[in-house]
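According to TrEMBL, the features are:
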| type | residues | note |
| --- | --- | --- |
| DOMAIN | 1-361 | domain 'Amino acid transporter transmembrane' |
| TRANSMEM | 6-30 | transmembrane segment |
| TRANSMEM | 57-77 | transmembrane segment |
| TRANSMEM | 126-148 | transmembrane segment |
| TRANSMEM | 168-185 | transmembrane segment |
| TRANSMEM | 197-221 | transmembrane segment |
| TRANSMEM | 241-265 | transmembrane segment |
| TRANSMEM | 277-300 | transmembrane segment |
| TRANSMEM | 306-330 | transmembrane segment |
| TRANSMEM | 342-362 | transmembrane segment |
Amino acid sequence: MPYAVSQGGWIGLCSLLIFASVFCYTGFLLRRCLDLSPYLAGYPDVGQAAFGRLGRVLVSAFLYCELYAVAVEFLIMEGDNLTQLFPLRSLSLGIFELSSEKQFVIFSAAVMLPTVWLRDLSILSYISAGGVIACVAVIVAVACAGTFEVGFPNHGRLVNFHGLPIAVGIYGFCFCGHAVFPNIYASMKDKSRFSHVLVACFLICALIYGSIAVLGFLMFGDDSESQVTLNLTRGRLTTNIAIAATLVNPFSKYALTVTPLAAAFEELLPIELKSRTFLMWGTLIRTLIVLSTVIIALVLPFFGYLMALVGAFLSITVAITIPCLCYAKLFSDRIPLWERAFISLVLAVGLGACVAGTYSSLREIALNLST
C-alpha cells in the first residue's frame, strides 16, 4: 500500500475509497442476481444465467486466472520476506543464477506442496483464521517502527500521473473478493444481513489499507518497496514480527487458492481415470500447477507490477465489469433510468482503469525483463 502511494501520489488514495464504494455496490448487484433463483449458487452460475454457456466459461476463466495469479504472488511474497530474515548467497547453476529470493521461492513451494495434496483443508483453517490477527500485527509493528525507529519524515507528492495507473491497479487488487461472495451468502443463517456484512467488511478493509498506506509512506516516501516489510531494518524486533505475520497468510492460503483450480482440471479427467487412479492423477495435476506457479514466480518476480496487472485486468473485470453486465442483462426490464446511467458510469470507470492499469503494468514488467 505505501508503494501504491509512492506510485500515484496522495490523490491516488481517492481510488482506494472509490474502489471500496464501487466494489461494495457491485457486491449488492451480485446478491440481487443470486436472489433470482435458488439454483444460482456460484459466480459462474450467474454468468450462465445472464449469457448462457459462454458466460459461464468466461466468468470461470477470469476467476481461475485471478486465483492462479494470487498463488504466484504468494510465492514471490514468501521469497522476498524470507530473504529479509535469512539472506542467502546467490547460487549459480550453469546458465541459471538463483538469487536468495528465488531460492526461497523454490523452498516455499516445496514446503507448501504437501498442503496442496490435501483433500480436506480444514486443518489449515486454524492457521488461516489468524489472517486478521496477522494483518493487525503488521500494522502495529510498522507503526512501532515508525514511532521509535524511523520516524515520519516524508510527505511526498499530491499526484504522480506517470505511476497513477499502477497505483490504481494495486488498489483494485485490494478488494478482489467477489469470487467468494456467493458462497458466503449461501452459508449465512440470516441472508437479509448480507448487505450489512458487506458494508462492514469494505469499511474495515479500507481502514486497514488506508492506515498502512499512510503510515508506510510517511516513513519511507518514494523509497517505499513493493512490500512495506522490505523497507524495515533487518534484525529489529518489529521487523521480525511484521515479516513473521506476513509469512503466515501465504502458507495457509496457497492451498486454498490453488485447490479450486486443481478441482476444475480434475473434473476434465476421463471417467475411467476418475474411478481407478483418480488420486494419482489428481496429485500429479496439483503438483504441475504448483510447479508452473514456481516458474512464473522465478521469471516474473515483480510483486508490485504483477499485483497491479492482476488488479487492473482481472480484479476489476471480476468485481466491476462482470457484475454490472450480468445485472443489466438479468434485470434489463426492471432497471430505472437513473440506475442504468449509474451502471454505465461504473462500467466506463472500470474499463478506463482496466485499460490504463493493464497497459502500464505490462509496460513496466517488459522494461524490467529487458534490463
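Positions of Cβ are set from backbone N, Cα and C atoms, glycine also.
Between the transmembrane segment (197-221) and the stretches 126-148, 168-185, 241-265, 342-362, Cβ pairs under 8 Å are most numerous for 126-148. Ranked by number of Cβ pairs under 8 Å to the transmembrane segment (277-300), the listed stretches 241-265, 306-330, 342-362 are led by 241-265. Scored on C-beta pairs under 8 angstroms, the neighbour of the transmembrane segment (168-185) with the top count among 6-30, 57-77, 126-148, 306-330, 342-362 is 306-330. Within the same chain, residues 60, 63-64, 67-68, 70-71, 74-75, 77-78, 81-82, 84-85, 108, 111-112, 115-116, 118, 121, 124, 127-128, 130-131, 133-135, 137-138, 141-142, 145, 227-229, 232, 282, 285-286, 289-290, 293 sit at least 6 positions outside the transmembrane segment (241-265) and bring their C-beta atoms closer than 8 Å to a C-beta of that stretch.
Residues 43-44, 46-48, 51, 101, 105, 108-109, 176, 179, 227, 246, 249-250, 253-254, 257-258, 260-261, 264, 289, 293-294, 296-297, 300-303, 306-307, 309-310, 314-315, 317-318, 322 of the same chain sit 6 or more residues outside the transmembrane segment (57-77) yet have a Cβ under 8 Å from a Cβ within it.
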